[in-house]
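Everything on this sheet refers to the single structure shown next.
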Amino acid sequence: MLRSRVPANIRAFDAFPKFSKEYRRQSSSRGGFFTILLSVLIVVLVFSQCVQYIRGIREQELFIYDSVSELMDLNIDITIAMPCSNLRIDVVDRTKDLVLATEALTLEEAFIKDMPTSSTIYKNDRYAGLRWARTEKFRKKNNAEPGSGTACRIYGQLVVNRVNGQLHITAPGWGYGRSNIPFHSLNFTHYIEELSFGEYYPALVNALDGHYGHANDHPFAFQYYLSVLPTSYKSSFRSFETNQYSLTENSVVRQLGFGSLPPGIFIDYDLEPLAVRVVDKHPNVASTLLRILAISGGLITVASWIERVYSSRAHRSTSEADMLGLLGKSETE
C-alpha cells in the first residue's frame, strides 16, 4: 500500500545505477593465466637481480705488463705413482739458475690405489672445480708410513726467478749419468691437484688443476708447455697480483740409449708480456631495488596492454556473434 503512494519518478530513482551489459567486465581464465605468468616473471627477475648483487659484475681488460718483479711463487701439489726415493725434482730457468726442489718441497709417501683416475675425476668434477671445496692451500697428509708407500705426493711452494724456466720430475740417474733406478720401476702416471704461479687464489682454476696423466710405458715422458699471463685481481674486499696460464701438452715414449732424453714430467713455463686486469664490481642496494621496481613496472604495464588487446578482441568477437544471431532471428521471423 505504501509503495502505491510513492510517485513513479521516485520509485524509478536508483542511487547505484546499473551498467549496461556490454560494459561489464566478464571474468575469464585468461586473466588468471596472465596473473600467474606475471608473478613467475617477477619472481625470476627478483632472484636474478639478487644473484647479480651477490656475485657482482666481472670486468676484464688487457694491458702491457710493466711491473718490475724479480721473483714469483710456484705452487705445486702432485702425486706420482712411484716411491719418493725414486724421484728427483729440479727447476732450471733461462738464467741457468738451478733450484733443487727435492729439498725445498715436501715429499710424502702415498698409495697408488688412492690416486684419482680419469674416470673418478670426471665423476667428482662434473659440476664444480676441484679447488672450490678446499679452503687451505694444501690438503691434509696421507696415512702412509715412511718407506711403505707405492706413490709419492709432492707439494709445497717454490720461489723462482720471474723468467722462463722448466720444472722437471725425473728418476735419479736417468739423463744425469749412470741410472740406479730399475727400468721396470719407472711409472710416471700422475695426478696434478694444484699447479699455479703467484699468490694462491682458490677461485682461480688453472688448466692443470685436477689433471690426470697415465703412462703407457715405463720410459714415458709428459711435456707441458705453459703460457703464463700475469693477472691483477681487484674487488671490494681485496686486491692482489697472481698469474694464470694456458696449456699445450704432449706425451712420448723415450728411446733408450746413450744421449737419449730422459723419461719424466717436464713443465715448461713462458711469461707473457701482456697482463690481464680483473675487477669485480658489486652494485649498491639502492640501484638494485630501483632496477627491480623499474623492470617489474614495465612487465606489469606490458602485461596489462596484452590483456587489454585480448579482451577487446574477445569482446568484438562476442558482439559480432550476437549481431549475427539477431539478424538470423529477424530473418526467420
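Here the Cβ of each residue, glycine as well, is placed from N, Cα and C on the backbone.
The N-linked glycosylation site annotation in Swiss-Prot covers Asn187 and is backed by sequence analysis. Residues or ranges marked as phosphoserine by Swiss-Prot on the basis of experimental evidence: Ser317, Ser319. The topological domain 'Cytoplasmic' annotation in Swiss-Prot covers 1-30, 307-333. Under the heading topological domain 'Lumenal', Swiss-Prot lists 52-285, citing similarity to another entry as support. Marked as transmembrane segment by Swiss-Prot: 31-51, 286-306.
Among residues of the same chain six or more beyond the transmembrane segment (31-51), those with a C-beta under 8 A of the stretch's C-beta atoms are 288, 291-292, 295-296, 299-300, 303, 306-307. In the shown protein chains, 21 other C-beta atoms lie within 10 A of the C-beta of the residue listed as 'N-linked glycosylation site'.
Across all of the topological domain 'Lumenal' (52-285), the predicted model scores a mean pLDDT of 81.
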